[in-house]
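Chemist: Pasting a structure below so you can have a look.
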Amino acid sequence: MTTRPTEDQARDGGRPAGSEVHSDSLDRRIAVAVRRARLALLWEDLWPRLAWPAGVLAAFVAVSWLGLWLAVPDAVRLSLVGLFGVALLASLLAFRGFRLPSRDRALARVETVSGYRHRPLAAWEDRLPPQADAVAQALWAAHRARLSRSLDRMDAGLPHPGLARRDRYALRTSLGLIVFVSLFTGAGERVPRITAAFSGAGLPAVAPARLDAWVTPPAYTGRAPVYLTGETPPATEPDGSIRVPEGSVIVVRAPSSGRTGAEVAVSVKTAKGIVAVARKEPDAKDGAVVKAAARPGERSPEVPADFEHALAEAATVTVARGDRAAAEWRFSVDPDQAPTIRLLDRPEVQRTGAVKLAYEVSDDYGVAAAEAQFEPAADSFKIASTAQAVRPLVGPPEFPLTLPQGRAKTGQAQTFRDLANHPWAGATVRMVLVARDDAGKEGRSAPTEFKLPAKAFTKPLARALVEQRRMLALDANRAPRVTDAVDALMIAPEKFYEKAADYLGMRMVHRTLINARTDDDLKAALDLMWAVALGIEDGDLSAAEKALRDAQEALKKALENGASEQEIAKLTQELREALDRYLRELAQRAQQNPQARLPTDPNQRTMRKQDLDRMLNRIEDLARTGSRDAAKQMLSQLQQMLENLQAGRPQQGQQGEQNETSEALDRLGEMIQRQQQLMDRTHRADPRNRQSQSRRGQQQGEKPMTPEEFAQAMRELRDKQKELQQALRELQDKMQQQGMGRQGQEGKQGQQGRQGQQGRQPGRGQQGERGQGQGQAQGQGEGPLGEADEAMGEAGESLGQGRTGQATDAQGRALDAMRQGARELADQLAQSQGQGQPGVGPEGQSSMNDDPLGRPRRHDGPDYSNTVKVPDEIDVQRARRILEDIRRRLGENARPQFELDYLERLLRSE
């Protein structure tokens, strides 16, 4: 017979003698399982009772953090607080009859969760009476052994309070979300908002209302906003004021009212007085200013309000809440000065009839736009009096001006514009240049009077039509008389019209005038009359010239607006095609004009089509490599050259000589490049450089040069040096045959100073003491080119013997001599063109930027030590190679990350 031990006996593990030793371990396991089961039962009994008061408290905290007590009247607040109190007390009634879990409940839970049958844990808790005999003890020991083997695992399970069965609508989830949102809403004011439920009218002081204020300067100033309420105070002047540009807008954002019930007010004090800034609500439409109002007996809602005011002068801005000043700032304002513009020279009329204006603009923040405004001078337009008032069809010509690049504060620019098609052409006008900045302020230049250029029409029919067009443009009331005049111009077309197309155009003009009913119809007739007059005068040349101007303007705008490389290439090709058509039309006109066959001015500068093509290619290359400013500068030079282009052909002999001399200069430039390359290769092959080359080659995986390879390289360099020397001798012979040397110049210049002329001959150098005593004839071995020939021979011999050091020195002397010869040949050609001393143009203007043929200096080929303003070909190629090398290195992932970041910044800055 067994007895049930007490709880203390079971916990102490009391058992009769003879029980197994490992039963102590089993008792400890049972004790742990019982403790876990008691905790699970405790949570299952406690949590359903705690959920209701916890929900009431969570709801109270949520509405407090959301600011309910700050927005409702006191009566409502007290009623709601009372309801929360009653709900809390009611929820505590659930704790009636609550008891801690007993050991028997815990054992039963462990047996149930563990899946035991017949309550083995309760059987293990039984104890054998002390008076049991040996047989009973043996049976008891066998029984406990069997029980211990069956109790291999024990589990108390997780608690299951079953709250979901009691909250079928999942209100606990919604309440949790509300508490989470209110946690952020009441940030910084959580405790004051909770205590506000019990404080009523005696609400203690809470954190001050947030105040944000900043100053936004105008965008065109490029200045950063000034934050007035940030952690870092704004920079101030010695007098404590904050300096801002004129037109800056101060913005103050603050809750207009709320917990304190005090309205926010912003005022601005200036020398003119105090101005109250109106409040601008965030939901205001079309700039309307509204004012929020609170319901009687309630606090005003905490609505953020914006106050904006533009600062035009020194001012003090004060932000007040109620009767107390919350913040104050003093500002000193930098006034926005009006831009200035002035002419650098009088308006210049180009040969094509275009007007060139050179001017200088300046502004403290950069000029936004500029134009030239015209008004007729006194008695410029003489119109016969009519019964009706004068009704002009057109106004003054429009003349927008090009601005310096980069929004420079001060800069110079020039603009070409053809006004020959405007009816005011040929009249004296008063011109004023006007510059405007982004603030709308204007600056004007001093007035200048000049006569607008007019196209010179040589054919009487075209001249008569243009005169009628001008009369119609100045007074639309004269339309009937102009119509009759055009009708009279169509009499006897077989005698006065060279082409049927001209007569058809005149009939179209007449029909347009007859059918005109409005001023717009008459304006269309003006354009048609001008087109017909140009067709009669110039034929197809006028259309080609217009296409050329349009192509130039399109490319210019593309460069200014930062167009893509594809767009630049497309517009450059269109300009090249328009230029070809224009030159063909110009050549045909010159052949048909007998006057063009007369001798031309010897001082007239000429150009070749190859020069124009080279300039177009350079413009495209500069734009592709990112040198947009240089491309625009070269396009301006091309436009200037085309403006100065004259129809006709220069003297045959002079033209031939100039072409031959230009070809000689080109060939000499190529030789200079070849000599430079040979000298570089010789220097790299120098034995003194082999050691460093070997180290570099080993680092880069390259094999050093063997003696056999070095000998082979010397032979190749010697052969190339001899080829270059032979080419130089052939050039000298050709120059001597064409009279480009001193003998040819003596025949042309006579007694113009033989001694001074010796320093300008390509065959005589200023340092050639030996050449001065060898007679008058120029031949090989005399002058800079002769010295170059001799130095090339020495270089070839040294290369054949493997003496790279001596060869390099000789090649350097040859290079210097060829450069000197090229400069002297260019100066000699300038004198043959009647340009006086080198570097001076025919009109006394400096031509350092022009080549001997009157063109802008070539920017490809060797450098003759002349000043250039755009990158030359070598610079462009070097820039291209650098970009390619940067991209190649950026693609090597093995490089350090800081180096890859640096290379990427280089590409972005490019």
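From the backbone N, Cα and C atoms, a Cβ is placed for every residue, glycine too.
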Chemist: What range among 1-22, 639-660 does TrEMBL describe as region 'Disordered'?
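Modeler: Based on what TrEMBL states, region 'Disordered' spans 1-22.
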Chemist: Which residues of the same chain, at least 6 past either end of the compositional bias 'Basic and acidic residues' (680-689), have a Cβ under 8 Å from a Cβ in it?
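Modeler: Tertiary neighbours of the compositional bias 'Basic and acidic residues' (680-689) are 705, 710, 713-714, 717, 795, 799, 804-805, 807-808, 811.
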Chemist: Do any residues of this chain, six or more beyond the ends of the transmembrane segment (78-95), have a C-beta under 8 angstroms from a C-beta of it, and if so which?
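Modeler: Distant Cβ neighbours of the transmembrane segment (78-95) are 48-49, 52-53, 55-57, 59-60, 63, 68, 72, 197-198, 200.
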Chemist: What are the helix, strand and coil residue counts for the compositional bias 'Basic and acidic residues' (680-689) according to DSSP?
Modeler: 8 helix, 0 strand, 2 coil
